Amino acid sequence: MQGEKHTTYGEDAQTSIHAFEPSHKNPTGVPDHQSELAAQIAAMSPEEYAEAERKLLRKMDLNIIPWITLLYLMSFLDRVNIGVGKLTGLVKELHLTSLEYSNASMIFFVSYVAFEVPSNLVLKKFRPSRWIPFTMVCWSIFQICMGLVTNYSQLLALRFCLGFFESGLFPGLNFFLTGWYRREEINRRCSIFFAGAVLAGAFGGILGYAFSRMAGVGGKMGWTWVFVWEGLLTFVIAVASFWMVHDWPDRAKFLTPLERELVLYRLKGEQGLAGEGKFSISVVWSALKDWKVYVMALCYAGAAEPLYSGSLFSPTIIASLGRFTTPQSLLLSAPPYVLMFITTVGTAFLSDRFRVRGLFLMFWSFLACIGYIMLMTVSFKVPGVLYFAVFITAGSVGPLIGTTIAWTGNTWGNHYKKAVAMGIVFMSGNAGGIYSSEAYRIKDAPRYLPGHGTALAFCALNFICAGILTIYFRRENKRRDMLYGPPPALHEGHLYDSPEYLAKWGLEGMTREEIVALGDKHPAFRYML
């Protein structure tokens, strides 16, 4: 639930803490250590609580964010290195046609999209520290095998398997973060680890070129060693992830018992019962019936398609702007992604600070549209202006991804409904990878008008959907304020068994389970704009 910082403690905080405890009693006579920890938190002064919270966030950031950033960097690198392979002999050696190369790029996203929702549910059911490393080990093996293919069919099959096992990482990590951080803290964390993809875009071409210099070793062309070495690097990181990836807060080994309780307290203070609940078909159906899921999915698709098309084809696009060699094209593709890193992280901090998502999306998607219009209309006689347009599109598309992801995690309350909703959003959004793979065709060189036009349309789609959601969320928040008054502040608690509480929010006659199932429909829930 939306609220302010902790300002009062004592009796109010003690009431709040007890409101978050499980409703069942302990009949065994064994000391209830959870209650003791909750009492310790309630006894803290405002200064002590603020210091404990500051240290906790720093500890969480240092133990979670750097490693998941590395994981996603490898994931993104492994999916887009086929673009480097194209420039280092893949198409020539396998005798691929333009359509076959596009299909090899596209088939990854078919399996990727199909298995995102199931993977998110598996992640919620099982331990992240086991599921995420397992999927990484599997896809790294397929990545290595891609360096050994001898024909189009083998390449197609391995790209499909690569997408199957990569499908759980990006949506899974974003869903994982919502189980650790409050809503106003999530965008900068999502964007920082998404910046791993940005770094992959910036330096993946350079790294791939370095590996391709092994051409001739073992009688293999350069593209072979790009796939093999990047796959081996992923495998090493995947094995280490069995020890480096953490579980949900209640089982995290790097936290003390008091810190684990504090994480849960912070989340429940904001979300109430949002983190509770059990998986059921009705939860899945609730997500499937929610129109906001599909608008958010279109919003994410509007961000994902231009990102993937730029990542897959930026070296090829830049090569068409002038008489650049392959190494020069790979090197020139790096600076625009450095700008993307800056705009992505900068937007994330501002978005969290002002608790605003939609307006940032509309600003950057509008600017991206301008960049693509420039790429479609500016003459090739001024390649410097066209290269500047690549900077505009790259710098604008990056913030769209992280901000849309954070907004998705902010919008749904019930934990399992959120898992399903985020899976649907990612599934639809990453279908943009299918479109991007087919949009930039060799026969359309050097202008690539269909590709640029497709990216322009998707950026416009992001702008429109962000506007629709912003208007609806603002009106719905005002409606709930008028009917029920402002939402409870963090320190006020949510007394779900109190008749006064139930009467205030119009929940008389509802069980705790039914209140949990409300999620974002709870009258005390406020959408982030």
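From the backbone N, Cα and C atoms, a Cβ is placed for every residue, glycine too.
These come from TrEMBL:
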{"type": "TRANSMEM", "residues": "64-84", "note": "transmembrane segment"}
{"type": "DOMAIN", "residues": "64-478", "note": "domain 'Major facilitator superfamily (MFS) profile'"}
{"type": "TRANSMEM", "residues": "104-123", "note": "transmembrane segment"}
{"type": "TRANSMEM", "residues": "130-150", "note": "transmembrane segment"}
{"type": "TRANSMEM", "residues": "156-180", "note": "transmembrane segment"}
{"type": "TRANSMEM", "residues": "192-211", "note": "transmembrane segment"}
{"type": "TRANSMEM", "residues": "223-245", "note": "transmembrane segment"}
{"type": "TRANSMEM", "residues": "293-318", "note": "transmembrane segment"}
{"type": "TRANSMEM", "residues": "330-351", "note": "transmembrane segment"}
{"type": "TRANSMEM", "residues": "358-380", "note": "transmembrane segment"}
{"type": "TRANSMEM", "residues": "386-407", "note": "transmembrane segment"}
{"type": "TRANSMEM", "residues": "419-435", "note": "transmembrane segment"}
{"type": "TRANSMEM", "residues": "455-473", "note": "transmembrane segment"}
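Within the same chain, residues 106, 108-110, 112-114, 116-121, 123-124, 170-171, 174-175, 178, 283-284, 287-288, 290, 293-294, 296-298, 300-309, 404, 408-409, 411-412, 454, 458 sit at least 6 positions outside the transmembrane segment (419-435) and bring their C-beta atoms closer than 8 Å to a C-beta of that stretch.
As a quick check, the transmembrane segment (330-351) and the transmembrane segment (223-245) miss the bar of 3 or more Cβ pairs under 8 A, pairs 6 or more apart, so the two do not touch. Counted over residue pairs 6 or more apart, the CB atoms of the transmembrane segment (64-84) and the transmembrane segment (358-380) come under 8 Å in fewer than three pairs, which marks the two as apart. The transmembrane segment (223-245) makes no contact with the transmembrane segment (455-473): fewer than 3 of their CB pairs lie within 8 A, with pairs spaced 6 or more apart in sequence. Sequence-distant contacts of the transmembrane segment (104-123) (same chain, six or more residues past either end, CB-CB distance under 8 Å): 79, 82-83, 96, 131-132, 135, 152, 155-156, 159-164, 166-168, 171-172, 175-176, 279, 308, 312, 416, 419-420, 422-424, 426-428, 430-431, 433-434, 437-438.
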